[in-house]
Structure formats: C-alpha cells, structure tokens
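Enquirer: In case it's useful when we look at the structure, here is the feature table from Swiss-Prot:
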| type | residues | note |
| --- | --- | --- |
| COILED | 152-172 | coiled coil |
| CROSSLNK | LYS215 | SUMO2 cross-link |
| MOD_RES | ALA2 | N-acetylalanine |
| MOD_RES | SER196 | phosphoserine |
| MOD_RES | THR407 | phosphothreonine |
Amino acid sequence: MASLLQSDRVVYLVQGEKKVRAPLSQLYFCRYCSELRSLECVSHEVDSHYCPSCLENMPSAEAKLKKNRCANCFDCPGCMHTLSTRATSISTQLPDDPAKTTMKKAYYLACGFCRWTSRDVGMADKSVASGGWQEPENPHTQRMNKLIEYYQQLAQKEKVERDRKKLARRRNYMPLAFSDKYGLGTRLQRPRAGASISTLAGLSLKEGEDQKEIKIEPAQAVDEVEPLPEDYYTRPVNLTEVTTLQQRLLQPDFQPVCASQLYPRHKHLLIKRSLRCRKCEHNLSKPEFNPTSIKFKIQQVAVNYIPEVRIMSIPNLRYMKESQVLLTLTNPVENLTHVTLLECEEGDPDNTNSTAKVVVPPKELVLAGKDAAAEYDELAEPQDFQDDPDIIAFRKANKVGIFIKVTPQREEGEVTVCFKMKHDFKNLAAPIRPIEESDQGTEVIWLTQHVELSLGPLLP
C-alpha cells in the first residue's frame, strides 16, 4: 500500500521537442493541442516580482534596477534565514546639558536561529525601524561599471553595423532610366517603412547626439604578489571565526574569510510566472497577480484531465515467473471515461526501458465520473458496470482497481513495465469556429499515453 502514495514510480512519456518521462503531477495538458506538456515544452513568462518576506511586488524595470533584491528585507549571512528588526533602549546625552542622559530607542538586525546580530560586525544602530542600513562598498565597483558601459556601447555598434549590412543588400532592380521614362520615379520615391540606405550612411548610436566613445584601461598583470604573513602557517585556527564555503559564495563580491566580515545581504526577489504552450501559444498556467494569493486564473495540470495510474500492491517478483500486480485507475473528469490498455508493440521506439513482459486486460474499462458529493455518500447506490472479477479487483466512485500480469525478463536489476493507455477525452475548450446546430456540443477525441511503472527490484 505504500506504493499507492509514491506517484513518482509511475511516469508518463511526453512527446515534445525532447522526450521527457515524468509523473502526471508534474505535467500539464494543453486542451487545444490535446497533448501532454512538460516544463521543457513550454515558454516561461515572468508576471511579477515580489519579496517573499514583506510580500511587496514591483514591476520588472524596478526589480532590474534593484538587482532583483528587496530594499527593506535582509538575509542572515550566517544561516541565510530572514533577519528581523529588534528594538532596544540606549542612553544618550542631551545636547543642551551633557551631564544629563535620556533613553532613546535604537534598532538593529538580529537572527532568531543562529543569534547573529548587526552589532557583531560593528554596524551602527538606527533610529528608524526600516531602511537606512549601510552596506560595504566593493572597491571594484567603478571598474565593473566602466566595463559594463564599454561593452554595452560595443554591442550597440555591432548591432548598427549588422543593420547597415542587411539594408545594403536591398537593391532596386528597376533601372532608373526606365523609371523616369514612364513616370515611375515619383511613385518609387514614396516613403517606405524602415530606414533607407541613404539614411543609414550617417547612422550613429544616438541620432542628433554626439556620444563620446568610452575608453577603458586594459588590465595589467602584477609582477610582485603580496607575501603571506609570517605567522600564517603557525598561528592556531579558530574554526568558529572562519566562514564556510557557502557563506563565501553567497557574497561573491567580497568573499569574506572571517566571521567578522559577514554583512547582511538584501533578500532575493521571487517571481510569479506563466506557462505557455509553444505549439499553440495558449496559456497552461497563469497565477493571480497579488503575491498573497495562491489561486490561479488558469491551471491546466494533467491530473485534472488524464486518467491517473497508480501502483496499489506489488507481489514478490522473481525471474521468469508470472506475478499479478494491482493497479488503480482514477478518472479526474465528471463524465464517463473509457480506457483501453494496450501492450507495446515490438520495435516501439518508446519502449526502451521495459525489463518485463506484461499482460493487460483485453476488455475496455469504464470509469465513473468524478463526483465529490457521491464519494462520501455511503447510501448512494453503486452503478452496475458488470465487471469481470478476474480483471476488476474493486470499484469505488471514480476509482477502479485492475489486475495486470508481469513476468520479469532479466535476472537482476529493477523491474520496469511499459504499456499504452488509450482513453477518450471530451474537449471542452472554446472552439475556433462557431458550433452549428447539427454539430454536437463537445467533441470526443481518443488519446494514447505511454505509461511506465517501476515495480522495484527482483527477489533471489
């Protein structure tokens, strides 16, 4: 029964740009293409940026300007948890009478997990609770900004040269004399969309502005390297004061060696993204814009459209001995679904991981529609499907248990079974053309899924 909850032991094959095998819970279903989609078959679009701590959302331009970090929230440099602002009272001298003191509120950053505080690295307390925390400056910031500006200008120059070469290939194949003779010169001189070759002759980076060329100084190698201190190899090392590799990599601009050099970092922003089918460009997933909302405007996950196969019980599997495995089929839609299991044909290019022979039920299986109210109604009369007890183990609501026979073909290793699942699907997506009176309201199509089961190791 433990295998019933291990949904990753049953994978479905996605026939996309690259063949992907994944559990049904990790896949999407495009109702317009009527095909499964994985995360590698969809386009990812960023909808909004937000801070996971204060839940403040911001547009993409502002997030890019802030380097995808929140201005008010910080991460602990020691354990990477969110820092909280603590308030304390300190005594300060009055400006009028230095002999007298008064109590004043001060704020500092503290971590509730590793007990790190901003006072450990000598950061001054603030008189306000939010903002105003000073950050250490990187000595190489000016050099990096200069290099970025230089390469941006260089990339813009190369783009202008490419555009000039493309438009230079466009030639007027009609001779000028022929054009002037029949009065076509004025017609050909009408303004066209885009820039002409003559206008590109004096094309610059910024039209109407003189942009100075940025020059950078090349990096120079240093002949002499600063030697290590004399006591570098002899002084004792206190491991509590040495930073870990993860702590150094989280601050690549400083890479602190000692714990006294650890400064808080602004918290990284998270995104809400939409997923779009690359084939038909329809949305498969679109969340709400509000960061506090966990709802979706569109969420076409495969478990809501494709019958789900799960392993309920696995007997002891032995080499070349037939065993009976109990599977469950779940119908996620509200209407009846007809399912037919088929064995993979010889030479099937998708059947590459199979290590056992499988015998599936030859008859068509009928799954009842999903009804949340009837699932908890014990007095409801069950529907009579005239099930064969040799094939159907049990039936409850929209679930049915079936038997398949497995014969391992290898003496060692994991046992993997592959088969095809053919089922009908009523496409409820909006049709492209209006439905005529003679047409039916919903179109029934038949889909075939390639399913692989991992049944575990063989017994000796």
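Yeah, the Cβs are placed from backbone N, Cα and C, and that goes for glycine too.
As the structure is a computational prediction, the values presented were derived from the model and not from experiment.
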Enquirer: Please identify, from the recorded positions LYS215, THR407, the residue with the sparsest Cβ neighbourhood, meaning fewest other Cβ atoms within 10 angstroms.
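Expert: Each of the recorded positions LYS215, THR407 was scored; lowest Cβ tally within 10 Å is LYS215.
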Enquirer: Quick one: pull the CA-CA distance for the residue listed as 'phosphothreonine' versus LYS215 (SUMO2 cross-link), whole Å only.
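Expert: Distance between the two Cα atoms comes out at 73 Å.
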Enquirer: What average pLDDT is reported by the model for the coiled coil (152-172)?
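Expert: Result for the coiled coil (152-172): average pLDDT 83.
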